[in-house]
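Have a look at the structure below before the remarks.
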Amino acid sequence: MRQLLNCPAPAKLNLFLHVTGRRADGYHLLQTVFQLIDRGDVLHFTLRDDDAIRRVTDVPGVPEEQDLIVRAAHKLRAEAIRRTGRTPPGVDIAIDKILPMGGGLGGGSSDAATTLMALNALWQAGLSRQELMDLGLPLGADIPFFVFGRTAFAEGVGEALQAVDVPACWYVVIEPGVAVPTAKIFTSEHLTRNTPLVIMSDFSSYLAKRNGLQGFGRNDLQQVATRLFPPVAEAVEWLGGYGDARMTGSGACVFCAFDSEEQADAVLAKVPGAWNGWKAKALQRHPLLDMSPSTESCEA
Ligand SMILES: C[C@@](CO)(OP(=O)(O)O)[C@H](O)COP(=O)(O)OP(=O)(O)OC[C@H]1O[C@@H](n2ccc(N)nc2=O)[C@H](O)[C@@H]1O
Ligand SMILES: Nc1ncnc2c1ncn2[C@@H]1O[C@H](COP(=O)(O)OP(=O)(O)O)[C@@H](O)[C@H]1O
């Protein structure tokens, strides 16, 4: 019988994001806290009778062979063959694309991470979580975090991860209606690249003292993005009227934390019609974290 798995690919927010230096290969060194939220894409995996890997949903602007989902599946298959000597069955992958592209929500990376976790289980490839993280890193710096699957303090380009506890809260997120290309932000002459290093306990003790998420650090990419993309600046200014509003990742989305769903709803009701606004709950763990093919998060 053909096996079908329906698997969530949640978004992330960067609660702060400091650019602390640059590697010899030009990639930037970061410090950030990645927060999973309960909104994301959903992927559907159906095993095939042959060995083809197919994306069966059209994603405008992303050709099938360039899709991180398809590239991740091919990488895992090559590794599975190397380990087991067997070619795993092919798979049709459908996607409900909810997250905006170029939104700083990590949609493409999360899709790829979910693909690695789901196919590792479906194909019984046997890679450990760390091995899946290592396999994903060359495809996207956020992929190891999504495989790691817990709110995390991250360093390096995002691959050195430590789990961190943050208070439960709700977020209002605004999509300002522009897609921000990550490379354009990192190559800007206006980017600050020397923010002093913090240690994880600075963040943790800040949270403990303040009993809330507001105010630690900043997003160094924000001043570049707001300069280049005025709608991002407008969203930061508007949402900033209700709390510490920030951009996530390299943009374009802007978020603000609230203690309760009611507070988030009250702000959401006022979001100007030109923007897509929504609320999401902070997740401590990725829904697939404890996945085996029979778990409920990935429904057969
Ligand atoms: C900024 C972050 C923060 O979580 O998220 P997003 O805004 O993309 O969600 C990530 O570090 C995004 O990492 P990743 O997903 O690998 O970025 P890509 O779009 O592949 O990178 C495009 C280009 O940006 C530059 N880049 C990216 C990451 C990094 N740490 N330093 C860089 O200099 C590189 O020139 C790279 O070729
Ligand atoms: N499955 C995918 N979903 C989204 N984007 C993808 C996917 N595969 C490849 N991409 C490419 O990755 C780029 C970044 O997308 P995404 O990860 O959603 O945004 P961001 O990096 O801003 O969080 C897209 O513009 C697209 O070209």
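Cβ coordinates are placed from backbone N, Cα and C, and glycine is handled just like the others.
Record features, source TrEMBL:
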ACT_SITE  K12  active site
ACT_SITE  D142  active site
BINDING   P100, M101, G102, G103, G104, L105, G106, G107, G108, S109, S110  ATP binding site
DOMAIN    68-150  domain 'GHMP kinase N-terminal'
DOMAIN    213-275  domain 'GHMP kinase C-terminal'
G108 (ATP binding site) - helix vs strand vs coil (DSSP)
helix
Return only the integer: C-alpha distance in Å from G102 (ATP binding site) to K12 (active site).
13
Could you give me three numbers for the domain 'GHMP kinase C-terminal' (213-275), the DSSP helix, strand and coil residue counts?
25 helix, 8 strand, 30 coil
Near ligand 1, which of the recorded positions show up if the criterion is a Cβ under 6 Å from one of its atoms? Options: G102, G104, S110, D142.
G104, D142
For ligand 2, the binding-site residues of P100, G104, G106, G108 whose CB is under 6 Å from one of its atoms are G104, G106, G108
Ranked by how many other Cβ atoms lie within 10 Å of their Cβ, the binding-site residues P100, G102, G104, G106, G108 are led by G104
Can you name the recorded positions among K12, P100, G106, G108 whose CA is within 10 A of the CA of D142 (active site)?
K12, G106, G108
For ATP, what surrounds P100, M101, G102, G103, G104, L105, G106, G107, G108, S109, S110 with a Cβ no more than 8 Å from their Cβ centroid?
A11, L99, G249
Cα distance, K12 (active site) to G108 (ATP binding site), nearest Å?
11
CB neighbours of D142 (active site) within 10 A?
28
Spatial neighbours, same chain, of S110 (ATP binding site) - Cβ under 8 Å, 6+ residues apart
A9, P10, A11, K12, G40, D41, L99, D142, F146
Using DSSP with the three-state reduction, classify K12 (active site) as helix, strand or coil.
strand
What is the Cβ neighbour count of K12 (active site) at a 10 Å cut-off, with all protein chains included?
28
